[in-house]
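Trainee: Input: one structure, supplied below.
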């Protein structure tokens, strides 16, 4: 391959060009490269260099370190391409500020981020959710035994998904310009692929859209939907406080764990007492009932129902938060959980089904911006809000068991943290030295240390969550 320096008009700069002539570009002088005597403006790679570039094995799920260069992303770069008239295998970007030789060519940052992971995972998730909701729309009237509008569940899902997708192209650059960036914490040995300047607080734009669409598509004001929306906003406010303190405090620490748990428990307790006094629509004629599969049937919990409600509010918020460690993991799992709950509560409260479908669409729309190589993260503003919304749906309908099943992956993530802490404390007390079961926690980071790539982990989580969501939806339908 013959490589020649480009003309000044071919240079690609990410910042105003600080170079005014070709003479300011450092010469490429190294013993591994041979300059042709007949062409002073071109050079040829030697055999060792070509062998080094041609022998690299690349897989679709491999991490690309070029895409997340942590140096000065505004440094000027220029490209070396093949000779005119030839097709190039790709351009090499040379950083003329930090490097003076072509010996370190493979270590230079590229001019722009190249998405090497296709949309296959997200398209598969969209196909699964769409087919499931369309199937339920065709049989919804048989389940509810009442006439329902066409596309009863599909309409809120696609409406929220489209609106959130479009809103992301406005709010993500705005968050980036306002420097609402996720603080970097080195808490473990796992190198995170997110670049240091990724915007956070994505929940500020996708959670309100999901809530507003759910309320707007309910022609009659539903007290269950309004209560679930209020709980969602309350948990989003807790997450917003935590994110704000993390961004603007000196040590980048948000709310302490105790204060955050107290606030979540307070919201859950208030919601439980509201349930006791509110007149909810129920096919059973009474409240505080938990539908379970036969032979258990309906179980009346009485005052224990209030404690169970508070427990689920605290648990679900932290379960979703625990899964928000990989790009697309929390958003995809939450979307599957919302669809499962939308189907499970359909015989009890069809208005809540619209709320669940709308929130699922909002999660999927956000997922298009939060997929692998994410451009934004939901932050605690989004993760706590999603957990609060799921808990509110379960509390208003009594579908705690289907929610537990559908959130099985999140339960596994949180359980790994609890098991690790308990085992470490016990072994340290008994043997004087603490031991660990997992290499690190949560469990998805343990898998990364064992060699699994991030997209593969997320794909596995989606498949498992899909199966669990189908099981949860079926159990909810046969229990109601």
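Just so it is clear, glycine is given a Cβ too, placed from its N, Cα and C backbone atoms.
Straight from Swiss-Prot, here's the annotation block:
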TRANSMEM  121-141  transmembrane segment
TRANSMEM  155-175  transmembrane segment
TRANSMEM  197-217  transmembrane segment
TRANSMEM  221-241  transmembrane segment
TRANSMEM  255-275  transmembrane segment
TRANSMEM  288-308  transmembrane segment
TRANSMEM  328-348  transmembrane segment
TRANSMEM  349-369  transmembrane segment
TRANSMEM  385-405  transmembrane segment
TRANSMEM  457-477  transmembrane segment
Trainee: Any chance the transmembrane segment (328-348) and the transmembrane segment (457-477) are in contact, meaning at least three CB pairs closer than 8 A with a sequence separation of 6+?
Mentor: yes
Trainee: Okay, the transmembrane segment (385-405) and the transmembrane segment (288-308): do they have at least three CB pairs under 8 Å, pairs separated by 6 or more?
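Mentor: Between the transmembrane segment (288-308) and the transmembrane segment (385-405), contact is present.
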Trainee: For the transmembrane segment (221-241), which partner among 121-141, 255-275, 349-369, 385-405 gives the most CB pairs under 8 Å?
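Mentor: Highest pair count goes to 385-405.
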Trainee: What stretch of 197-217, 255-275, 457-477 shows the most Cβ pairs under 8 Å to the transmembrane segment (349-369)?
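Mentor: Answer is 197-217, with the largest number of Cβ pairs below 8 Å.
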Trainee: Considering pairs 6 or more residues apart, do the transmembrane segment (197-217) and the transmembrane segment (385-405) have at least three CB pairs under 8 Å?
Mentor: yes
Trainee: Quick one: do the transmembrane segment (121-141) and the transmembrane segment (255-275) reach 3+ CB pairs under 8 Å, ignoring pairs fewer than 6 apart in sequence?
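Mentor: Not in contact, no.
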